[in-house]
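Note sheet for the following structure.
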Amino acid sequence: EEDRKCPKILMRCKRDSDCLAKCTCQESGYCG
């Protein structure tokens, strides 16, 4: 089930697909 959540890792992104699992790319430029 862990892969269904957004891991609390600070990752830079330009789009949702840059992020892990259920993370989405926030306006701040980081996954969340």
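Including glycine, each Cβ sits where the backbone N, Cα and C put it.
As annotated in Swiss-Prot, C6 shares a disulfide bond with C23, one of the listed residues C23, C25, C31. If you count neighbouring Cβ atoms within 10 Å for each of the disulfide-bonded residues C13, C19, the highest count belongs to C19. The least crowded of the disulfide-bonded residues C6, C23, C25, C31, judged by other CB atoms within 10 A of its own CB, is C6.
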